[in-house]
Structures are given as structure tokens and as C-alpha cells.
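Here's the structure, in C-alpha cells; my notes come after.
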Amino acid sequence: MDTMEFFIDPFSGTTQMQPWQWIFAICLIASFLQGASMGANDVANCFGTSVGAKVLTVTQACIAATIFITLGSMTIGSQVAKTVGRGIVNYKLFADTPQLFALGMLTAAISTGLWVSFATWFSMPVSTTHSVVGSVVGFGLVEFGGSGIDWWPGVGKIVISWVASPLVTGIFSVAFYLTAKYWFLRKVQQDESRLDWGLRQQVYYMGIVVFLAFITFLIFVTFTYDDEAVGMNLGISFGVATALAVGWMVYLHKPINAYYAKRGLIGGFHDEDEIVAKDLDELNEISSSSEHDEETATAPAAAATASGAVGSIAVSGASQRSNTMSVVSSIMRSDADLRADGLAPNDIWHPELESRFAFGQMLSACYEAIAFGANDIGNSSGTLIAVYQTIEYASVVSKPSPEYWALAYCTVGIVAGLWLFGANVMRTIGQNITLMTPIRGLSAELATAFSVLIASYIGIPVSTTHCSVGGVIGAGLCESQGYKKVNWKLMLKVAASWVLTLPVAMGLNALMYVICRGGTRGQWFVPPAAVVGNGVENAFNDYEYTCVGNADIQTCTLTFPSELLVEE
């Protein structure tokens, strides 16, 4: 055996990335599974309310989710993926060791999946977005300390958005809710003879909703692909949105409302006796836990009869502790809980008028699914794209181009999780419902979709659940004594879990990255064929070697059979 010492130039060349293709292979698996977990749990945020109100069946909801999540991810999803892959760590510092960048992105994908799975198992309402960002920050800190992170505008802008996004969503939700309330809902409530007038105003209100939904989506899509053609983009967006809104107001509302009326959804979503029974069951649970007597439980039943015609759309019981949708719905206290504490129940508008928002619920659910696909697809595809392009080009790409195959691949993962497991989550929501009126659900979902789409276009990863909570609270605060109807204890618990997620994900990935980097140290290159024979590359790790310079190798000492040396 002979010993030879030679100098290795800083990392250069695609040949040296060949041993690291296993990173890409493992990242493919991790990204798909991460997408599947989002499809199984988070998609319930979009369609759980519509399924619970029987506006859509579970199968219809899954089909709609498949279509609109794919639409969002394939049109706007590349923006957030770029931020996850390049906008968090200081990628320039990895110029000489891009394989470390790829390794860090891989461990970020794995640690995110581990932490979210752990938190879900213990019913902790954590955010996948927060977990991904924390994990990416973790390996950047390990490798280069504070200089390894793009603090501004990278991480700073993301953190600010986490505070601003639920506030902005709440403002949007308040605007949608109060507009309907003071435009026609309250007036019809005060004078029932104006019901026909109110129904006409509701058609116009939904026309405005249709216009806003389509014009914002089309503007974001057109400017994503060509931000210089301002006039054409605005003209197309305005024209299409106006045509659809006018079409709804002139004709489309008639067959659509007739369809929902035929299904028994116009005039009330559920049988009155069924709602009274559910309200009584829930109140009995509250009474038994807080030692209320039986007299306290009879009054709410009578009150429930008056308001029983309006549908309900949220999660209660065990399902509240098992998925993200439950967290959103539980932020507002139920009618039974409010009555048990002597508070006024949630505002109930005329059943005939309120139930006309059935189409609005479906529209807002589809719109929120587009926003979910546009933003959350970056959580799973961002790390995958970063790994792929680093391996492919043997360098950290400063201006990555969209990898639509990766967006499609991760979208398939989300859809697979939805069809395999998400349908059961939505079915559970439909069977365990507490009160959330259609107009409140419509306001919260539309507001969430607007906020998430804006963030997606800018390229900021935000939490869809984060925004949903802000939307629900915003609409709830518009009701009488709304501040008393918010479950502030749960809100503090949720906020604490969100804050906890960032350092935990950061620490978990830092540990995993250190372990993986240490296990592969000294294998950062393929020895040049000019020094050793061509057959050594694949069997290089079978021989003894030591390297100086840690990851950025400068000098290596190898010991191997002398016959493998190339004769000069």
C-alpha cells in the first residue's frame, strides 16, 4: 500500500456532484411525503366548511380541490418556491461547497416532516410554513453563523408577514362582513317585508365577490409571466372578471340558486330538529364539565329552535383536536357555549337570505384552494428545486428558473394525501358541526384567499391557517359583543405553538445537518482520474483517506494499492 498526498482545488465541476445524487433521490421522497401530509390535513381548511354545510359532497370537494390546488400551484407557486430555496440563507457563501447547500436543503425537508408529524400526533396546531423556514435557517446558522442567513429582506420580510398576514386578513374579513351586514342583511332583519329587495341585493353583492375573486387571480397570473405588459394584463383581467360578474347578476344566479334549492339548501341547510339535537348534545358536554344544572340547559334549546334554519360549518368534539381545520373553527365560541355563560348567541340573519350564500361558500372554498396551492406548494417544492438545480448545475443558482415538473410532482403529493386521507378529515368535519353562519364563513375564506394570494405573488411564504384564524376572528368581532365570542384561551395556545415552531424546527434541522455533514465529511469530491485510475471513483470509500479543511477540502492523503496509480 502506498501513501500519496495531493492538492484538491475548491469544488468545481459536475463530475464531483455525481456522488451526491443520492441527496436528490431522498429529497424526492421527502418532498412527496411532505406534500401528502399537507393534502391530508391542511386542505380541510379550504373545503371542510362547504362539506359540513352540505354545499359539496366529499367527492365533489376532493375533485374541486384537485383542480384548484393544481391551478394555484402551477400558475403562481414558483414565486414562494424561489424564496424557500434562495431567499432565506445567504446562498453566496456556499459557492465553493454547493453540495453542503444541497445537503442542508435535504435535511430541512426531512426535519420539517418529522416535526410536523410529531406535532400532529400530539394535537399541536403548528404551521408547515413556519417549520420549513425555521429548518432552512437552522442549517445556515450551523454552517456560517449569523452571516449564513439573509436577515433582510429575506427572513425579516417573512417574519413581518407572519404578523401582518392575519391582521390584513382580519381587515378584509371585516370589510366583506360589514358590507353585507349594513347593505341588506340588517335591513331585512328589521323589516321582513323587504326580503325580496334583500335577495336582489345579495345577487349584486355576490357579483362584486365574483369580480374581485377573478380580477385579483388573473392580475397575479398575468403579471407573474409578463410584468411589462401592464395594459394588456389589466385589460384581460378586467374584461374577463367583468364578463363573469355581469353574467352572474343577469342570468347565472338563477340556475345556480335553483340547483341549491332543489338540494334543499336554500332556506336552511339542515333539519331544525337535527340542529336542536346537536346544540343540546354540545350544551350537555359543557354543563357536565362546568357543573351547570339542568335548568341551564333547557333555555338554550328553545333559543336554538329560533335559529335552527341556518347551517353550521366547523369542527367540534374529538375532531377539534385532530386537525388544523378544528383550530380555525374553534377560535369562535359556539352558540351552546355562549348561552351557557349567559351571553347572546351568534348573529343570525334571515334564513332565506343567509342560505343564498351557498354558492358563495363553494366559490370561496375554490378560491382559497387556489391560494393554498399557490403558497403552500413552495413548502415542499422549494427544497426539492434547490437540491435539483444544485446537483444539476454543480453550483448554487443565484436566479433559479421555475421547475414546473417539481411543482407538478409536489402537487401530485398533495392530491394523493387529499384523496387517501383528506376525505376522511372533511367527512369528520361534516358530521361534527357547530355554528358558523354562511356569511361569516364566506367572509373569512375570501379574506384568507386574498391575503395568501397577495403573499404568493410577492413570494412570501405565509401560513394559510394563520390567515384563516385572522379571517374568522375578524368576521366574529363584527357581531354584537364579538370580543366575548372569541376563544382567547385557545388563541393564546395557538399563538404559542406558532412561536415555538420556529426555534424547534431550527434546532432540529441544525442537529440533523451536523450529524449528516459529519457522516459524509471527507467525501466531498471524486479523486481526479489523472491521479488515480478511472476505476477508483466508484470504490474510493473502500480505501483509507484523511482530508484537511473540513467541508472545504484543500489537501487529502490517500492510502491505496499502488497499481491503481496512473503511470506518468
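Keep in mind that glycine also has a Cβ here, set from the backbone N, Cα and C atoms.
Segment annotation: TrEMBL labels transmembrane segment over residues 132-152 (candidates 132-152, 531-551). Taking Cβ pairs closer than 8 Å, the transmembrane segment (61-80) reaches residues 43, 46-47, 50-51, 220-221, 224, 362, 365-367, 369-375, 377-379, 381-382, 402-404, 407-408, 410-411, 414-415, 418-419, 422-423, 426, 453, 455-461 in its own chain, all 6 or more past its ends. Long-range Cβ contacts of the transmembrane segment (158-183) within its own chain (Cβ-Cβ under 8 Å, at least 6 residues beyond either end) map to 83, 87-88, 130, 133, 201-202, 205, 209, 439-440, 442-444, 446-448, 450-452, 454-455, 460-463, 466-475, 477-478, 498. Remote same-chain residues near the transmembrane segment (231-252) are listed as 203-204, 206-208, 210-215, 218-219, 222-223 (criterion: CB distance under 8 Å, separation of at least six residues from the stretch ends). Here the transmembrane segment (490-515) sits against the transmembrane segment (132-152); at least 3 CB pairs are under 8 Å, leaving out pairs fewer than 6 apart in sequence.
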